[in-house]
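As written in TrEMBL, here are the features:
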- Val87, Asn95, Ala96, Gln97, Val98, Val222: FAD binding site (BINDING)
- 85-108: domain 'Glucose-methanol-choline oxidoreductase N-terminal' (DOMAIN)
- 257-271: domain 'Glucose-methanol-choline oxidoreductase N-terminal' (DOMAIN)
Amino acid sequence: MTGAGARTYDYVIVGGGSAGCALASRLSEDAERRVLLLEAGPADRSPYIHLPVCYYKTTKGPLTWGFELAAQQQQEGITPAYAQARVLGGGSSINAQVYIRGSAEDYDGWVDMGCPGWSYREVLPYFKRSEANERLAGAYHGTDGPLGVSDQRHTHPLSRVFVQACQEYGMPYNADFNGAGQSGCGLYQVTNRNGRRCSAAVGYLGRARGRENLTVRTGALVHRIVLKNGRAAGVEYIENGRLIEVNADAQVIVTAGAINSPKLLMLSGIGPAVQLASHGINVKVDLPGVGQNLHDHLDVFLMYNLKGITSYDAYRKPHRQLWAGIQYAAFRNGPVSATVVEGGAFWATSKRLFAPDLQFHFLAGTGIEAVTDGHCSGNGCTLNAYFLHPRSRGSVTLKSADPRTAPNIDPNFLAERYDLDRTVASLEIGQEIMAQPAIAKYIADRFMPGPEVTTRSGYEAYVRREARSGYHPVGTCKMGLDEMAVVDPQLRVHGVDGLMVADSSIMPRLVSGNTNAPSIMIGERASDFLRGNRIETRKGQAA
């Protein structure tokens, strides 16, 4: 047990991902508070992390947990790999760097679901506080925060052609997906600074590492949260083969992500009583919602062979890679400074909707973002399509009481027919965009799905066979006040004192877009809950 001989901190943060890095940095601003940040993975030293174009090299291998999904019953029983970061910075160290917050309606919807204090007006100041935007400022953007956000230094000409095609389809141009409205087409901003990735580890810990009151431990796998008399008293973790115990005087905060946060709670005796008992775990708090409500974006893609223009696929050739490397080393621009995910769009499947329910990523290359091995002529492009508001719900459950064993991860994709219909609609709209004159002149043929797929039933079969996760899991420690809620609107775990969860797992419903920026916002918000700070909103009311 954690006891008098263990080292003591005020705050122990479990998980050095997007939210955890932000939280550790903010809490350690108070020099009187001792902060420990524990990360199971290594430090973010791999050069692939920091070169924007190389993110696809990080989504498999030692910087991830190596998870696989449970067999997806609506997808021919496939068990695809599930890329979740295991490195300092978390997903912000291996993602495609796209900076998207979601729509205002997402956060206002959280309030309607029983989460007061999380409206868009109330969370916007935290997005702004986190951000150092190179181009945008004003009512919607910050310019002096830790997280570098910028336009991409290199944009492939075909990405601009894609935006033109979206406009021909009928979409308005949108120069800021994180501003007054999300709908429309444009070029994504990314979490880059000076042509390099700006992860939460770089942005937040880079500022904080010199503080004597902040300790960061990598290679530290937390086995359990120690509970005493209904309170989180500390944690036990393994580092270099040794079991280490630490005390938390003020708070244990779990920021391990939507897969590992519920896993750790369950290993600690907090979760569905029947499931815990089946693994021989002593039930401390019966919280049936732990691990439930898992949902994620489903990514499906259209791939095309090109003519009359050369895509990023050309840089698979060694001599082109050499030239791109020289260009980057000398000027910090060129293809190495590109994330490849350049063109974007948000659109609605119905005019009755108040906000977009589809997102598109355009890549002037093949087989990268989808974590597939693209097979084309060697000169192609990809359009990824996401239905943003899935109704299907799955779960994270334990396989065993061994902390080293991966949990069962079942997002239960396409369990609701509604999700399949909207995903097919995303493909149909995507195909219409790619048939517009601006871009059609560069298309030789479509090879995924093959040109023979033209009917709705054909698209349905393609979705069931080829669609994969967008790696945006949320909801497994959901915030709220109902019987399935795990944390309250101040992120405190129901039934346990001194314990919080502050990451994407607390989202009661998935946001409209990538989840890195919202996770950082959650970390920022948690720090103010703990420090008692309040940010003034534009209407002069405290958030």
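Using N, Cα and C of the backbone, Cβ positions are placed for all residues, glycine too.
Within the chain carrying the domain 'Glucose-methanol-choline oxidoreductase N-terminal' (85-108), a Cβ under 8 angstroms from the stretch's Cβ atoms is held by residues 15-21, 39-44, 46, 49, 52, 55, 58-59, 62-65, 118-120, 122-123, 127, 149, 177-178, 182, 188-192, 197, 199-202, 205, 216, 218, 257, 339-341, 344, 354-356, 359, 361, 369, 471, 509, 511-521, all 6 or more beyond its ends. In three-state terms derived from DSSP, Gln97 (FAD binding site) belongs to neither a helical nor a strand segment and is classed as coil. As a summary of secondary structure, the domain 'Glucose-methanol-choline oxidoreductase N-terminal' (257-271) carries 11 helix, 2 strand, 2 coil according to DSSP. The FAD site in the record is lined by Val87, Asn95, Ala96, Gln97, Val98, Val222, and its two most distant CA atoms lie 30 Å apart. With respect to Cβ neighbours within 10 Å, the binding-site residues Ala96, Val222 differ, and Ala96 shows the lowest count. Secondary structure at Val87 (FAD binding site), as computed by DSSP, is coil. In this structure, Val222 (FAD binding site) is part of a beta strand by DSSP. Its Cβ taken as reference, Val98 (FAD binding site) is surrounded by 21 other Cβ atoms within 10 Å in the chains shown. Counting only same-chain residues at least 6 apart in sequence, those with a Cβ under 8 Å from the Cβ of Val87 (FAD binding site) are Glu39, Gly41, Pro42, Ala43, Asp44, Ser46, Ile49, Thr58, Leu63, Ser93, Ile94. All protein chains considered, the CB of Gln97 (FAD binding site) has 25 other CB atoms within 10 Å.
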